[in-house]
Amino acid sequence: MASQQQLSVIKGAKVLMVGAGGIGCELLKTLALSGFQDIHIIDMDTIEVSNLNRQFLFRKSHVGLSKAKVARDAVLRFRPQVSITSYHANVKNQEFNVDFLKQFSVVLNGLDNLDARRHVNRLCLAADVPLVESGTTGFLGQVTVHVKGKTECYECQPKPAPKTYPVCTITSTPSKFVHCIVWAKDLLFTKLFGDKNQENDLNVRSSDPASSSDHAEDIFQLNKDETIEHYGRRVFDHVFGYNIEVALSNEDTWKNRNKPRPIYSRDILPEEPTKQNGNTDKNCATDDQSLISAMTSLGIKNPQEIWSLMENSRIFIEAIKLFFTKREKDVGNLAFDKDDQLAVEFVTAAANIRAESFGIPMHSLFESKGIAGNIVHAVATTNAIIAGLIVIEAIKVLQNDANNYRMTYCLEHPSRKMLLMPVEPFEPNKSCYVCSETPLSLEINTHHAKLRDFVEKIVKAKLGMNFPLIMHGAALLYEVGDDLDEDMVANYTANLEKVLSELPSPVVSGTILSVEDLQQELSCSINIKHRDEFDEEKEPDGMVLSGWQQTPLEKDDCNKTLGNGESTSKTLPSAPDADKYDDSDMVASGRKRKLDEAVNISGEANSSKKPEVLDDDDDDLVMLDDGDNGDPAINKKKRLQ
Amino acid sequence: MDGEELTEQETQLYDRQIRVWGADAQRRLSKAHILVCGMKGAVAEFCKNIVLAGIGSLTLVDNRLVTEEALSANFLIPPDESVFGGKSVAELCCDSLKDFNPMVRVSVIKGEPSSFDEEFLKTFDVIVVSCCSLAEKKSVNEKCRKLPKRVSFYTVDCRDSCGEIFVDLQDYKYAKKKLEDTVECQLSYPSFEDAISVPWKVHPRKVSKLFYALRVIERFEEAEGRSPGETSVSDLPGVLKLKKEICESQLLNEAHIPNALVERLVTNPTEFPPVCAIIGGILGQEVIKAVSGKGDPLKNFFYFDAVDGKGTIEDISSQS
């Protein structure tokens, strides 16, 4: 039971929750039970069947409805007197600006992606509203407190980039199943069913580029007078047969690698066998996309089973047929979606056939779906525990009890007898460009790089700004917004195509640019340094930003990379899955990595890295000591004063 | 594996958790029968968690009629007298829980934990008791231990901002993943009575203060004939006196059970909802582990106190 003092801050608080998914449902319930009276909740998502095993406020009949709205209604049923305001919207919308944030006593995040987390962090800093941040995967979870000037902000620690793979690994030399999945999903699927005009690395560069390029253009086009069966086999033979033969001709590639085996449909499937075996009727009577399934047509039931090469090949052809007959209008504008059964079946089959060709073990549809959809493991219990911890921290924040703020880890295996481990929060990182005013510096070729390159590669991709405004002294170089007049827009569009040194107000070595996001109310200055040459492999952007932290990408002999997820699919954002800290984040954040070392979650015992403990008996607290990890970017933890 | 495949409906609904514990664990869950006695906040949380997880059946015991206190941390009871009038707490919780997952059978049995016979108890795989007196805990635990099959026994209680879980899995074998291999592990648990009878002076170093404070209060409630959680500020002198006596006979430094902690627990025996969520979550995970035979189960007490934020496992068994 809460004390009187706690009850009074709880009753007076106005709380903003961002996210009504796995953590959100638990959090809304626990806030309401704890006596909170005024709760606002934002979530852009709608309910899906796979949410129901843990998002307990939702029922099967709610599938397709707004999470925020249904969660509100469900909680009002057991706590009707609480005021709950729901928003079925993206937290990045302009309506949720700094002024909107200022009305709240505390913001509680139950989000599923890095972008939105960074955005809310900036809004909270600008509005000076405390933020309690959280995330879970499987049995692991964490809760952190971010109070401006007192503790680090969400971005004080480097966040790892989403996992990407070198293009040549994907197109020519896959060695893991995930490489085959990325190939099947981002290249083949997109080529066959997505935007045909999109640049695509599907074809291996053959030794004779002139001959292959023409050939490649028509091969993925369904000819007017051919059957879909024929088309499917043609695609099959091209990507699993011909392309592999071409790749094999580059002998250097295979000096230290196992050679792949070309696979042709005639060797796997008897000629034209599946012609009207009657089973396709099962798919006939329906308009419901979710019921169109190659597995159903072929009578394959168990998604946990690994299919044979023949089964994969049949699914491959059948899926193409179904797309072209039952979902004709989707073809040409599809983006991979893990909740699209037929798309998952196609990608599983294609990835497995490619895996077989390269001697990589095949996987079940269930496993493939997890990899292709970046599905994060999630259970109800961890979310419930994390939600409880969020409320405990929120109450401390409301009481302004800074000495007792904690970040808490929920562990799968006990460390020092603890399953729930509180740690003192870190101090703000003085060189954080988000919460301190440290200038950044950018090395760039001012005679070659265009303003567009700077906007895309730095301002958007690295600084995470959505509505940037770029100024050189008093001169406005670029701006994004709804209320600009036409002349301005034309002017900015023209500027985008100019190289930096030829802008109306030239940007040269020594220039200080000021970059601002008006919605996030974040501004930073960037010192420009001209440099002529950049290493194509190590500096693929052709520019280097320093003072900004991100874990380096995996290095390889290619300078282009492909992600397994958001980064390459520009069309539909794949429906984010509930409660994850996107897999990159929760499990591998800088902080977590230290924790791994400190408490040996990974089981790799290293006694020199055990946490240092303040052993004053009553109040022992784990200190993370990163003394020997050699990373100067990571602050030592200090006691908050 | 267990042979039977999961249905398409199960695979779809349980997709995200099958990715955590695997399809065979999910199959074992769907065959587990669980009995819970005493439906307060932490137990409501626990029931929600295991119903969502997809256990086979859940049987609820709580004859109480709804009171203000029963409502406080329990989100399974609608606060509308026209709905709850005349129904027992267990019946009301049952109605809500059924709704969470139509694949789980949820039902209610009338009675008191101490009145259940072995014939009845042996139909379950897991028994969880809450808000029970010391004597009831001991008696149900002993009956479980006499059954022809192994039944997992748990107690759970929350008061003020604290919570306690006790686990008795008897002789428990489970599989544990070590790098690539799966190894068989075995643990031997003492009964509740044996665990609390271990002389305090032979306890491991630095056992949670909560263990001792809760034992003192439990003894006080038993001596005074109180229901569990039925204490108030006027009892504080009596409890502190008892604490002193027990510490003397157990040769434990009295300072190890801070009076401030005892005061919190005695004067504020109601539950704190965030702590119920945490304790109900940990208990849910433990029961899922025990049923699926996967992962290290905790042995044999768990404590959480929102004041220091630590969630600690204590192993108190005669061997140590």
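Positions of Cβ are set from backbone N, Cα and C atoms, glycine also.
Per TrEMBL, ATP binding site is recorded for A:19-24, A:D43, A:51-54, A:K67, A:112-117.
Annotated region 'Disordered' per TrEMBL: A:264-284 (among others), in sequence order.
Annotated compositional bias 'Polar residues' per TrEMBL: A:275-284 (among others), in sequence order.
Here TrEMBL flags A:559-641 (among others) as region 'Disordered'.
Look at TrEMBL and you will find A:561-572 (among others) tagged as compositional bias 'Polar residues'.
Feature annotation from TrEMBL assigns compositional bias 'Acidic residues' to A:614-629.
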Taking CB atoms only, which of the binding-site residues A:G19, A:D43, A:D112, A:D115 fall under 8 A from chain B?
none
May I ask which residues of the same chain, at least 6 positions away in sequence, place their Cβ under 8 angstroms from the Cβ of A:N53 (ATP binding site)?
A:V379, A:A380
CB contacts under 8 angstroms to A:D43 (ATP binding site), restricted to the same chain and 6+ apart in sequence, sorted by sequence, are A:V18, A:G19, A:A20, A:G21, A:G24, A:S66, A:K67, A:A68, A:A71, A:S86, A:Y87, A:H88
Between the binding-site residues A:D112, A:D115, whose Cβ has more other Cβ atoms within 10 Å than any of the rest?
A:D112
Is A:G19 (ATP binding site) helix, strand or coil when read with DSSP?
coil
